[in-house]
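**Student:** To start, I am sharing the structure in question, which I have written as structure tokens.
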Ligand code: SAM
């Protein structure tokens with residue numbers, strides 16, 4: 001295969017900000033990221049935003065059964081055709097918007113998502129996958145470092161909020177690697193970080209997930225307020241908090257994920 005720099009030059013893949021394009025050109029770094037997923041033997045991997053294919057090459061070098069790569073940028077599709085030809089039957093490149101695809105429809109189980117995500121859509125992509133996390137064996141995802149910290153934050157810490165509760169409610173989450181801007185071409189303004197997410201066995205029904213989204217939106221929408229005020233939009237906030245055995249004077253950022261789970265179950269059961 002030609003070098004990634006050659007691939008980029010040949011296909012005029014100059015990075016576009018609107019597509020969140022910051023490419024990984026160091027094969028050793030791509031191999032390290034792919035390795036964070038553990039043994040991929042027999043796994044079907046979904047990669048979002050393969051770009052010129054640095055991480056894709058590393059994924060193809062693992063024991064994964066196959067790799068399905070979804071990319072919005074047509075220029076990259078052409079660049080990836082060579083890689084597809086070099087790995088017949090193991091790489092499928094799909095031109096499309098990852099926000100509109102359902103991993104469970106696209107590839108068979110066991111499914112693992114591994115991606116250096118476009119930062120502009122990283123959070124909505126993650127929330128969608130959390131909603132359907134029962135269909136996934138795991139995820140290894142690169143975000144801006146601040147988003148990675150929001151996913152893995154503990155209660156009562158600076159970054160704890162809605163994303164931490166949703167992610168940790170559905171998955172075991174760990175911040176695995178931090179990468180400086182210079183690891184990418186072109187370098188972003190901020191550091192990046194890789195998060196590992198392994199779904200918990202219990203899968204909440206859609207109504208319970210929706211209730212958790214409502215509870216966390218209300219609680220953190222007014223995070224400086226006491227919960228008895230912040231949860232008013234849910235109706236009978238006092239009764240809800242009493243039933244969940246949570247003091248109304250507390251603020252959202254002090255609640256554990258288990259306490260949010262109690263609130264969501266009560267709201268879903270109404
Ligand atoms: N994986 C490559 C790498 O690590 O070098 C590129 C990562 S770059 C941060 C994000 C990639 O996602 C870009 O190739 C971009 O074109 C693609 N992308 C942006 N929005 C997308 C979307 N909604 N669906 C699929 N791909 C998207």
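Placement of Cβ uses the backbone N, Cα and C atoms for every residue, glycine included.
Curation plays no part in TrEMBL annotations; they are all automatic predictions.
Here's the feature list from TrEMBL:
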type	residues	note
BINDING	22, 24, 49, 71, 97, 116	S-adenosyl-L-methionine binding site
DOMAIN	29-201	domain 'Ribosomal RNA adenine methylase transferase N-terminal'
**Student:** In Å, how long is the longest CA to CA span across 22, 24, 49, 71, 97, 116, which the record gives as the S-adenosyl-L-methionine binders?
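**Tutor:** Binding-site diameter by Cα atoms for S-adenosyl-L-methionine: 21 Å.
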**Student:** What same-chain residues, at least 6 away in sequence, bring their CB to under 8 Å of the CB of residue 49 (S-adenosyl-L-methionine binding site)?
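**Tutor:** Spatial neighbours, sequence-distant, of residue 49 (S-adenosyl-L-methionine binding site): 19, 20, 70, 71, 72, 98, 115, 116, 117, 118.
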**Student:** For residue 24 (S-adenosyl-L-methionine binding site), which of the three DSSP-derived states applies: helix, strand, or coil?
**Tutor:** strand
**Student:** Using a 10 angstroms cut-off on Cβ to Cβ distances, just flag whichever of 22, 71 is the loneliest among these binding-site residues.
**Tutor:** 22
**Student:** For a quick check of packing: other C-beta atoms within 10 Å of the C-beta of residue 97 (S-adenosyl-L-methionine binding site), how many?
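**Tutor:** Step by step: centre on the Cβ of residue 97 (S-adenosyl-L-methionine binding site), count other Cβ atoms within 10 Å, giving 11.
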**Student:** So how many other Cβ atoms are close to residue 116 (S-adenosyl-L-methionine binding site), meaning within 10 Å of its Cβ?
**Tutor:** 28
